[in-house]
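Worksheet: one structure, shown below.
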Amino acid sequence: MGRKQNENEAHGNSAKYDPSFRGPIKNRGCTDIICCVLFLIFILGYIIVGLVAWVYGDPRQVLYPRNSTGAYCGVGDNKDKPYVLYFDILSCAAAINIISIAENGLQCPTPQVCVSSCPLAPWAVEVFQFSKTVGEVYGERRNFCLPAVSPDMIVEESLQKGLCPRFLLPSTPALGRCFPLPNINFTLPEDLRINNTTVSNGISGLLDSINARDVSVKIFEDFAQSWYWILVALGVALALSLLFILLLRLVAAPLVLLLIVGVLAVLAYGIYHCWQQYQVFRDKGASITQLGFTTNFSAYQSVKETWLAALIVLAVLEGILLLMLIFLRQRIRIAIALLKEASRAVGQMMSTMFYPLVTFVLLVICIGYWAVTALYLATSGQPQYIYWASNTSTPGCENVPVNMTCDPMAPLNSSCPNLKCVFKGYSTTGLAQRSLFNLQIYGVLGLFWTVNWVLALGQCVLAGAFASFYWAFHKPRDIPTFPLSSAFIRTLRYHTGSLAFGALILSLVQIARVILEYIDHKLRGSQNPVARCIICCFKCCLWCLEKFIKFLNRNAYIMIAIYGKNFCVSAKNAFMLLMRNVLRVVVLDKVTDLLLFFGKLLVVGGVGVLSFFFFSGRIKGLGKDFENPNLNYYWLPIMTSIMGAYVIASGFFSVFGMCVDTLFLCFLEDLERNDGSQERPYYMPKALLKILGKKNEAPTGGKTRKK
């Protein structure tokens, strides 16, 4: 007895009875004010970064292609010309990179022009046509020349100056650019030395992009055909999730028992199977001494020692689980009772089930703001132009300052006939451009901090609502009228700083994990096993640290929602309270995880099976208006429905999990604060009182507990 008391004292003193305590404290003050001020200053800086990015950035260089002069195709004067045509795409196709072109502009040493449509048929200028005019030779194809070319210009002169293309290839638009189509037979003049094989080899790096475009079109068509059925599947997932949670008050005990028996049965079958395999290989005399060491791990399945080791491991797990059932059965009953009470709490406050929608909207705002800011920062800078000549060996072009900067508005006073001032890219010499890396790092920190703050806000708000349910002595009479909105306003008003403190700690650990993942990716080709081992150990340690901080933050937010203390005090009190009841914590955590995993499996699996049978045509539609959609890839709406069902189930069950954790901490506080007397009655439900062998004294003289 003395030893147990010393252990409890090592984990802090039990909560003392407070006659004024009636649930989440209403008269509270602001907590972690310094962190709140720092967070608000950081958000202000984040907004300034966004404004700087908006002023200097130009995302059009990613969204729209550009011609040789740097003008955008598809906007402004080129609104009706959304595609860019390369005069000689084979001169750059070998080193082309679609994403690089989208981000950096001109990458090919060939003129580019905005066009309304891509060429549909092969065509080329014959040698005998060089002396004719552009209007005579090109005709309607003159729109593929640069706008400045005159129809009376001689063709040979226009080709020397790079004003018109010598040939056209059948092309398809992809990412706003005209790319030649592969595997199409055509013939061009022999002096060009261009044929179907040359084009196919030259644009081999672009074929995947073209194919990807075709696939993307088919995917879009499938979504257009099946979007309403996907919404139906998501509605089924929502209904199943809500129904599962509400029915837990009725089926929690048999369901948990069924799951535990199922785990025991699976382990028992594993032991039986391992024993059978062990006997087979023992009779054959297959031993590891005969096999020796090998890197072919599948070979170890053919030796008796492998199956014996697996048998021992499964037998140990089976024994541990049986011992837990025997010695921790009362704690399992407590966990089941808390699950039932959580289901009851959710039923009394149905609005809490839809709070994840608020979290989702806030997360979309945070992630969207970061993405737009990062895009604008990445595209900041002033356009730069350089001199370029298609053939520097032409008479008069020997001393041309190629690659030197120029002004596109200034006249070209040069003897070189094909000299041009073309767009090169965007400068990196401005203030915003020199600080680009630092601003992007600031944005990444802002992303992690704001996202974690939004998640912390949701946890604290839900904890405040569910705590008001537990500490209502007469349910539902004593439950506040608007518990969720009251908790939301209370959290924002008093505890923004505390949430920011916890979110910052978690964000720093997550950023460290991202940096380690990047280093590990860079060292993946390294042959240094020591460095790889060290990185792996650091990753493992940071993963464990992140899990612990998430667990600590979650319980700290519950204590903040109830008592209104600062983050450090709340985290300490929550940790000490849990350490004084560590066995109950472990049992409740595992039982809840098992139950919620089964719930997710039920929802996602049910929606997945129904989607598969419907979209694959195995279930016919209900009448003419509800026919099965004709799809290119029937697995696409199936996977979309499954992922959507998982997101919905995770959102609903995260609320339920927060409810269980909140009620559990309140239950532990209730045990320490109260003793069941008239002055200090227990707030827990009768089922928990019965399991613990406790009861509240009946009020005498018709007295009832004051609110």
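Each position is counted from 1, following the chain as shown.
Note that Cβ sites are derived from N, Cα and C of the backbone, with glycine treated the same way.
Of the listed segments 112-132, 595-615, Swiss-Prot assigns transmembrane segment to 595-615. Considering the side of the membrane named for each residue in Swiss-Prot, Ile25 and Ser380 do not coincide.
The 10 Å shell around the Cβ of Asn67 (N-linked glycosylation site) contains 23 further Cβ atoms across the protein chains shown. Counting Cβ pairs closer than 8 Å and at least 6 residues apart in sequence, the transmembrane segment (251-271) and the transmembrane segment (308-328) reach three or more and so form a contact. Using the rule of three or more Cβ pairs under 8 Å, pairs at least 6 apart in sequence, the transmembrane segment (357-377) is not in contact with the transmembrane segment (308-328). Across the topological domain 'Cytoplasmic' (474-498), the model assigns an average pLDDT of 88.
Contact between the transmembrane segment (453-473) and the transmembrane segment (558-578) is supported by 3 or more Cβ pairs under 8 Å, counting only residues 6 or more apart in sequence. Outside the topological domain 'Cytoplasmic' (474-498), and at least 6 residues removed from its termini, the chain residues within Cβ reach (under 8 Å) are 24, 26, 28-37, 39, 348-349, 351-352, 355, 457, 460-465, 468, 560-561, 564, 566-567, 570, 707.
Of the candidate ranges 228-248, 499-519, 595-615, 499-519 has the most C-beta pairs within less than 8 angstroms of the transmembrane segment (558-578). Counted as Cβ pairs under 8 Å, contacts with the transmembrane segment (595-615) are highest for 228-248 among 33-53, 228-248, 499-519. Only residues 6 or more beyond the boundaries of the topological domain 'Cytoplasmic' (579-594), in the same chain, are considered here, and those with a CB under 8 A from a CB of the stretch are 8, 11-12, 14, 256, 259-260, 263, 324, 328, 331-332, 334-336, 338-339, 657, 660, 664, 668.
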